[in-house]
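Record features (Swiss-Prot):
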- G10, A11, G12, K13, G14, T15, R127, T136, Y137, Q199: ATP binding site (BINDING)
- 30-59: region 'NMP' (REGION)
- T31, R36, E57, L58, V59, G85, F86, P87, R88, Q92, R160, R171: AMP binding site (BINDING)
- 126-163: region 'LID' (REGION)
- C130, C133, C150, C153: Zn(2+) binding site (BINDING)
Amino acid sequence: MKIIMLGAPGAGKGTQAKKIAAKYAIPHISTGDIFRANIKNNTELGQKAKTYMDKGELVPDELVVDLIMDRFKEADCANGYVLDGFPRTIPQAEALDKALSANGESVDYAINVEVPDENIINRMSGRRACVGCGATYHIQFNPTKVEGICDACGEKLILRDDDKPETVKNRLSVYHEQTQPLIEYYSGKGVLKEVDGTQPMDDVFAAIVKILG
């Protein structure tokens, strides 16, 4: 079972990917983790990726696909995997398909966790982080006992730059421009499945399990 997770930043696709991985005993693979592991282990591909990252440049698609295909060869991927954070663009999706088809494989499901922009802006701009211990809260869904003060250590809470409404809007516009076309791409291949991400987390997961069987 080869699964790709799609959805805007803040849609909750990472959380769902972890839940899928646990239920179906397949690895949750994120490109960030692959980069970190290869750089830490000083692999040839990791060294190549690091030269781009050190310059603040994007790692080329071909290299990312090489890193991912390398990860797929590991024993824990024998029954499939959940890929999170890749592909983000049509060229990346095409490169991944080409690499998979060379092994006689293809993507089984592309699951799109759908959440309207306004919900995502509310979700993310309501997040708060503790300056002391790093604990995270949400003013609506997971508030602290005393407003603006961490339950765990008593330090004050802040709104991180990443979660400010303007930053979230910018990230969403990049998503719509670059990643949204993937929805049509995978729909054309007959593997797209959409779930309503505005539901409670467990209901979203139940909908995904219904799709995967």
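Glycine too: its Cβ is placed from the backbone N, Cα and C atoms.
Sequence features, as recorded in Swiss-Prot, placed on the structure.
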{"residue": "G10", "record": "ATP binding site", "Cβ neighbours (10 Å)": "23"}
{"residue": "G14", "record": "ATP binding site", "Cβ neighbours (10 Å)": "18"}
{"residue": "E57", "record": "AMP binding site", "Cβ neighbours (10 Å)": "9"}
{"residue": "V59", "record": "AMP binding site", "Cβ neighbours (10 Å)": "17"}
{"residue": "F86", "record": "AMP binding site", "Cβ neighbours (10 Å)": "21"}
{"residue": "R88", "record": "AMP binding site", "Cβ neighbours (10 Å)": "17"}
{"residue": "C130", "record": "Zn(2+) binding site", "Cβ neighbours (10 Å)": "20"}
{"residue": "Y137", "record": "ATP binding site", "Cβ neighbours (10 Å)": "20"}
{"residue": "C153", "record": "Zn(2+) binding site", "Cβ neighbours (10 Å)": "12"}
{"residue": "R160", "record": "AMP binding site", "Cβ neighbours (10 Å)": "12"}
Excluding its own, the Cβ atoms lying within 10 Å of the Cβ of G12 (ATP binding site) add up to 21
For the region 'NMP' (30-59), sequence-distant contacts whose Cβ falls under 8 Å of one of its Cβ atoms, 6 or more beyond its ends | 14, 17, 66-68, 70-71, 84-86
Tell me, in order along the sequence, which binding-site residues from R127, C150, C153 have their CA within 10 Å of R160 (AMP binding site).
-> R127
Cβ-Cβ under 8 Å from C133 (Zn(2+) binding site), same chain, 6 or more residues apart: which ones?
-> C150, A152, C153, E155
In the three-state DSSP scheme, C130 (Zn(2+) binding site) belongs to strand
Nearest of the binding-site residues (G12, R127, C130, Y137) to R88 (AMP binding site), judged by Cα-Cα distance = G12
Write down the Cα-Cα distance for G10 (ATP binding site) and V59 (AMP binding site), rounded and given in Å.
-> 23
CB within-chain contacts under 8 A for R127 (ATP binding site), separation at least 6 | T136, Y137, H138, L159, R160, D163
Neighbourhood of the Zn(2+) site (C130, C133, C150, C153): other residues with Cβ within 8 Å of the Cβ centroid, in order?
-> V131, G132, G134, A135, D151, A152, G154, E155, L157
Just report the maximum Cα pair distance in Å for the recorded ATP binders G10, A11, G12, K13, G14, T15, R127, T136, Y137, Q199, no decimals.
-> 21
